[in-house]
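Engineer: Below: one structure in structure tokens.
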Amino acid sequence: MRIKYPPQTVDRVLIFDTTLRDGEQSPGASLNVDEKLTIARQLARLGVDIIEAGFPFASPGDFEAVQRIAETVGTETGPVICGLARATRQDIEAAAKALKPAYYPRIHTFIATSDIHLEYKLRKTRAEVLEIAQEMVAYAKSFVDDVEFSPEDAGRSDPEFLYEVLERVIDAGATTVNIPDTVGYTTPAEFGALIKGIKENVPNIDRAVISVHGHNDLGLAVANFLEAVKNGARQLECTINGIGERAGNAALEELVMALYVRRQYFNPFLGRPPESEAPLTNINTREIYKTSRLVSNLTGMLIQPNKAIVGANAFAHQSGIHQDGVLKHKQTYEIMDAQLIGLADNQIVLGKLSGRNAFATRLRELGFELSETELNKAFLRFKDLADKKKEITDWDLEAIAKDETQGIDLQGYQLEFVQVSCGDHARPTATVTVRTPSGEELTDAAIGTGPVDAVYRAINRVVQIPNRLIEYSVQSVTAGIDAIGEVTIRLQHQDRIYSGHAANTDIIVASAQAYMNALNRLYRGLEQRALHPQA
């Protein structure tokens, strides 16, 4: 259902996903353009109203990502595609250019309004900030009809000055005014009062949607947002799995399911009868779990087991009393059905006799759109897996597809061969062959404290890019001794963190490929920093 303006016609809560912009600011969560496009497509299937695709002026990579998402996802039936821009002409021009292919483009511009930011960061007076905000919103409006304005650090801004800024930018053409709790400082009561104050003291607020953006430094982001909805906010800026810098952002899945499960409580705040069963958001909740796994795999950020809604233990019961109750009637200890978020028992869908068309069809049904090259590689992986595993599940297919969509960087380093030798009375030794970006094949060997350490040492002898391994984790995709193992690693180089992910029934091979994927991201990062030192 398309957003309608003026905003008083907005009779539901709009979901503004900023996974690709604010979420990517998590250390090590950097994504390449193809990965961003994959996530954007899934966000569209999920039903988000607005996708903040990036910060076009920040780097050529961000510009390209926003432009490609605008072209492929920003269709007439797709979501609004948004680009972030500081309150400067060059930022706004870059955003407008990147967003041009989108059917529904939005420019999101911002400037700080708290006295501490004005004094120490901007070194400007309130009058100067007021003029800049009004002028830049009007400038953005000259490119697109849909303009969002954020007064950065609104939670610590003087309310009277905040009201004045918001009134001016709405007069200048802002269709959405976003209230950020930039440092995650406010409590629900304070945040609700802030939104209520804006609703009551900004004379033209009925001409704009009130949006909220918050960080989770005190673990209050979701609670703050729900209080904001009760006081008039109609757009929530959030990320999948709550990823983001520091403690992260408000988690989309928690907000959406809170509004779904407790809709009878929230209905009156949106002018609906309490008994209304109509959803409060446009989200297809059955796509939540799939989207969560996709973002986790591509960013390399694991989901804590006890994470609400999408954690591995979210629907698990250890207590015997709880287990007995759930077996008799799920609602004794579960407030929602796991199937609501797309978490269902996976059926055996394919076997070793299945053909390429059946494989491709099932991947499309699972939401994956692979290129011909990716599909060919994925099918070979599937046939190889089918020879090793008796049962193939959807989780197995997802692991293969995500591995291929993350992709091997054909212009970077490629792992051609890996072999290890180890045992309880042998020193772990690894031999690897790596193809360099110039096409040269190099082979080397190393001894380590274990087989994975030996592989990494051997790869390092070939690649010779200084780095420090700061995280290594293995997760089983399915049950059974023949399960695919997913390996996620994070490397640090100077002040940057890079992640890599791979899946294989052989954990050593998965570990080696995950390491190569991370090294290629590091390699590309070094190239970009050399070409664009300020990016």
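Backbone N, Cα and C define each Cβ position, glycine as well.
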Engineer: Given that Swiss-Prot annotates His213, His215, Asn249 as binding Mn(2+), state which candidate in Asp22, Asp34, Asp424 belongs to that site as well.
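Structural biologist: As annotated by Swiss-Prot, His213, His215, Asn249 share the Mn(2+) site with Asp22, chosen from Asp22, Asp34, Asp424.
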Engineer: What same-chain residues, at least 6 away in sequence, bring their CB to under 8 Å of the CB of Asp22 (Mn(2+) binding site)?
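Structural biologist: Spatial neighbours, sequence-distant, of Asp22 (Mn(2+) binding site): Glu52, His213, Glu237, Thr239, Gly244, Glu245, Asn249.
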Engineer: Out of His213, His215, which of the binding-site residues has the smallest number of neighbouring Cβ atoms within 10 Å?
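Structural biologist: Among the binding-site residues His213, His215, the sparsest Cβ neighbourhood within 10 Å belongs to His215.
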Engineer: Measure from the Cβ of Asn249 (Mn(2+) binding site) and count the other Cβ atoms within 10 Å, all protein chains considered.
Structural biologist: 29
Engineer: Given the Mn(2+) site residues Asp22, His213, His215, Asn249, which other residues of that chain have a Cβ within 8 Å of the mean position of their Cβ atoms, reported in sequence order?
Structural biologist: Thr18, Pro180, Gly214, Ala221, Glu237, Cys238, Thr239, Gly244, Glu245, Gly248, Ala250
Engineer: Over the domain 'Pyruvate carboxyltransferase' (13-274), what does the predicted model average in pLDDT?
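Structural biologist: Per the prediction, mean pLDDT sits at 96 for the domain 'Pyruvate carboxyltransferase' (13-274).
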